[in-house]
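Participant: Sharing the features that Swiss-Prot gives for it:
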type	residues	note
SIGNAL	1-23	signal peptide
DISULFID	Cys35-Cys48	disulfide bond
DISULFID	Cys37-Cys46	disulfide bond
DISULFID	Cys85-Cys391	disulfide bond
DISULFID	Cys94-Cys131	disulfide bond
DISULFID	Cys94-Cys99	disulfide bond
DISULFID	Cys99-Cys104	disulfide bond
MOD_RES	Ser106	phosphoserine
MOD_RES	Ser143	phosphoserine
MOD_RES	Ser145	phosphoserine
BINDING	Arg187, Thr189, Trp200, Ser252, His255, Arg287, Arg300	FAD binding site
DISULFID	Cys208-Cys241	disulfide bond
DISULFID	Cys394-Cys397	disulfide bond
Amino acid sequence: MGRRWGFLIGFLVAVGLLGLGHGEQQPSETAAQRCFCQVSGYLDDCTCDVETIDKFNNYRLFPRLQKLLESDYFRYYKVNLKRPCPFWNDINQCGRRDCAVKPCHSDEVPDGIKSASYKYSEEANNLIEECEQAERLGAVDESLSEETQKAVLQWTKHDDSSDNFCEVDDIQSPDAEYVDLLLNPERYTGYKGPDAWKIWNVIYEENCFKPQTIKRPLNPLASGQGKSEENTFYSWLEGLCVEKRAFYRLISGLHASINVHLSARYLLQDTWLEKKWGHNITEFQQRFDGILTEGEGPRRLKNLYFLYLIELRALSKVVPFFERPDFQLFTGNKDQDAENKMLLLEILHEIKSFPLHFDENSFFAGNKKEANKLKEDFRLHFRNISRIMDCVGCLKCRLWGKLQTQGLGTALKILFSEKLIANMPESGPSYEFHLTRQEIVSLFNAFGRISTSVKELENFRNLLQNIH
């Protein structure tokens, strides 16, 4: 009997040991876990968590924002895609059909948008146009009141001032054309390889406050990188002041957002009958899987959420500008313009209600002289990045790169103009702070792109859930 029990116990122990030996074959991580397991909880330098952003964006904000961006005021963007690259001459233009941009015919753009000046209210537009015409004729228009003349001069001065974070296009240039953003969506174009790497390499290596001795992880144009270089990079990054660290994270977040779009609207099928665009899971994994990217992918996605919070905060700060009664989304269609302003204000008030906004008061909060110097460096670095967009060889990528950098630049301009916004009069001309139509269109479309990225992350998370 004892021998039988001994045999049975031995058998059970053996089975147990076999089970332990196969412990490695327990259900492995899903692809979703490898991409998103670290993209949760609180974000660095923030008091907000990823889950709160997902819920707020995907269910309360995203649907209404998409409706607004489909309106005439926001779908037409004037851009000069023929500006020469200011940094190098050997640009390889992408010859693929999907890289091309189809500009609008003049009769496709609403008259109110095409008018000579469309930055402000209809009344202000007329006044500015009269002033510009008088200036061209070398005459003094005495019909304009002293207050109006002062306002016009302030507006003009402000547009040419040094507080802009972007190198903006001259929209009066004959090379500047209106583009319908809905007909030229941001998606995969096939523009990749050394030419695309060069753009991002210049942005990261020369414009993110990084010394040449610090090597960026997974840089395709650098060789012989290992774990020690990665550790050195993040030790350097954590040692930066909060402003410079935020700058890097904004650029990384923008890069990540663009890669999400390209993975979500990938050319899956191209036949003479039709083109089929959709989610490319493999492409997404190559860019964001924690194992395939040696831990970089999840970091990039967290930086995307950081970028979302920065632009969300800017929109909450600029609400008073859009609430002013003389501001309108002027296209010439009064009923539609009024409806769109109501929708715009609904969205902005929803944004203002977000409970965990980024606290920008920690920015530039030290010694005033040092803070001003740092702020100017911040502005000049970002302005330089906006100029690099003219070096992108794919015209559609250039279009969306210029729009999104101008949008982020406008968000930064808002965050650094808090006192000017607070001092705006409730009605009448605003001497110190205003936004041009170009800035408004780029601001909301850029945020729309980031909002779409956050929504697409939910889609990819669901698609990857059952893949190992």
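Using the three backbone atoms N, Cα and C, a Cβ is placed for every residue, glycine included.
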Participant: Sorted by position, what residues of the same chain at least six away from Trp200 (FAD binding site) have a C-beta under 8 A from it?
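Facilitator: Expected: His255.
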Participant: Using a 10 Å cut-off on Cβ-Cβ distances across all protein chains shown, tell me which of the disulfide-bonded residues (Cys241, Cys394) has the largest neighbour count.
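Facilitator: Answer returned by the neighbour count: Cys394.
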Participant: List only the single closest residue to Arg187 (FAD binding site), chosen from the disulfide-bonded residues Cys104, Cys391, Cys394 by CA-CA distance.
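Facilitator: For Arg187 (FAD binding site), the closest Cα among Cys104, Cys391, Cys394 is found at Cys394.
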Participant: Using all protein chains in view, find how many other C-beta atoms are within 10 Å of the C-beta of Cys85 (disulfide bond).
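Facilitator: I get 16 for this one.
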Participant: Could you give the Cα-Cα distance between Thr189 (FAD binding site) and Cys104 (disulfide bond), in whole Å?
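Facilitator: Their Cα atoms are separated by 20 Å.
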Participant: Measuring Cα to Cα, tell me the gap between Ser106 (phosphoserine) and Cys46 (disulfide bond) in whole angstrom.
Facilitator: 46
Participant: When the Cα of Arg300 (FAD binding site) is compared with the Cα of each of the disulfide-bonded residues Cys35, Cys48, Cys99, Cys394, which one is closest?
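Facilitator: Spatially nearest to Arg300 (FAD binding site) by Cα position is Cys35.
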Participant: Among all protein chains shown, how many Cβ atoms are found within 10 Å of the Cβ of His255 (FAD binding site), not counting that one?
Facilitator: 18
Participant: What is the Cβ neighbour count of Cys48 (disulfide bond) at a 10 Å cut-off, with all protein chains included?
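Facilitator: Total other Cβ atoms inside 10 Å, all chains included: 21.
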Participant: So among Cys85, Cys94, Cys208, all listed as disulfide-bonded residues, which is physically nearest to Cys394 (disulfide bond)? Use the C-alpha atoms.
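Facilitator: Minimum Cα distance from Cys394 (disulfide bond) across Cys85, Cys94, Cys208 lands on Cys94.
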